[in-house]
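To start, the structure under review is shown below, and the notes come after it.
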Amino acid sequence: MHEHGTGSAGLLALAPAALALLLAAAYASAAWRDRRRRAWPAHRTALWILGLAAALAAVTGPLAGAGHDDLVAHMLGHLLLGMLAPLLLVRAAPVTLALRSLDVVPARRLTALLRSRPVQIVSHPLPAAVLNVGGMWVVYGTPVLTRMHEDPLLAAAVQLHVLAAGCLFTSAIVGVDPSPHRASPPHRALVLVAAMAAHGILAKSLYAVPPAGVPRAEAELAAQVMYYGGDAVDAVLVVLLCAGWYRATRPRTARGAAAGVGSPSAATADWRKPTARAVAPPVTPRP
């Protein structure tokens, strides 16, 4: 039984690296296949690789190992997995790349999925923020934090939720992939401000009331890492949101001249129209 448990733990440890390599290869392959139509921006590929590396560093290696016994290391991993990695991955525009590189039938199926009601609900800024910040409150405000260090399966489930919820929230706020139901910039700004406030309150609560079994000095330092590290990533989100808001409010003629054919706004508008064409709708990531 002990050997079986050790083997299962070993497989869980190898799974993130294998998945990261698979996702990196799939992205690179899609970018390579799309080269005949238009060269895929190299910085998008770099963002994807860096995002996968940040997520992998949070769940495997020295930082992840230290996070089992040190709340500060755990919090650094949380920032990598739940905030920095989602920002990098979302700005890599993976959905745009998929729609450009897939054959017609798979591209239409993906488009139909993105238009579906469930996706529309979870990708709205408010539900995405609840899943993201609410998940943090559950982890750090309940015994989940202690139990996840004792149960590898629970830890894997929590890590998967943190990454997925972070990607959903980041995409809802500053996503570059075309969306048929993206919220307005003012709406996204309000949700972002509320999420930042909730994140800051959580960090302050950890500072004031350390989790069970965590030394006060360690908890205070971890709370500061959460607070100031989160502020750094949130500042990037604010800049990106404001830049996109500015571009969206420019005069239509100037915006069209700057974006050209196949701009994200045009691609999003095209998604809203029923079509019987034999090709997938044009998609181009936002600058």
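Even glycines carry a Cβ here, placed using N, Cα and C.
What TrEMBL lists as transmembrane segment is 12-33 (among others).
What TrEMBL lists as transmembrane segment is 45-64 (among others). If you look at the transmembrane segment (45-64), the same-chain residues 6 or more away from its ends with a CB under 8 A from one of its CBs are 13, 16-17, 20, 23-24, 27-28, 31, 73, 76-78, 80-81, 84-89, 91-92, 94, 159, 163.
Positions annotated as transmembrane segment by TrEMBL: 76-99 (among others). Counting only same-chain residues 6+ beyond the ends of the transmembrane segment (76-99), those with a CB under 8 A from a CB of the stretch are 27, 30-31, 34, 40, 44-45, 47-48, 50-52, 54-55, 57-59, 63-64, 67, 107, 110-111, 114, 132, 136, 159, 162-163, 165-167, 169-171, 174-178, 225-226, 229-230, 233, 236-237, 240, 280-281, 283-286.
With a cut-off of 8 Å between Cβ atoms, the residues of this chain six or more beyond the transmembrane segment (119-140) that come close are 78, 82, 113, 148, 158, 161-162, 165-166, 168-169, 171-173, 179, 181, 183, 187-188, 191-192, 194-195, 198-199, 202, 206, 211. Taken from TrEMBL, the feature transmembrane segment covers 119-140 (among others).
Annotation comment: TrEMBL describes 152-176 (among others) as transmembrane segment.
Below 8 angstroms of C-beta separation, residues 125-126, 129, 132-133, 136-137, 140-141, 169, 172-174, 219-220, 222-224, 226-227, 230-231, 234, 237-238, 241, 245 of the same chain, each at least six residues beyond the ends of the transmembrane segment (188-207), sit close to that stretch. Annotation source TrEMBL lists transmembrane segment at 188-207 (among others).
What TrEMBL lists as transmembrane segment is 227-246 (among others). Residues 75-76, 79, 83-84, 87, 91, 170, 173-174, 185, 188-189, 192, 196, 199-200, 203-204, 207, 286 of the same chain lie 6 or more positions beyond the ends of the transmembrane segment (227-246) yet place their CB under 8 Å from a CB of it.
The feature compositional bias 'Low complexity' is assigned by TrEMBL to 256-269.
The region 'Disordered' annotation in TrEMBL covers 256-287.
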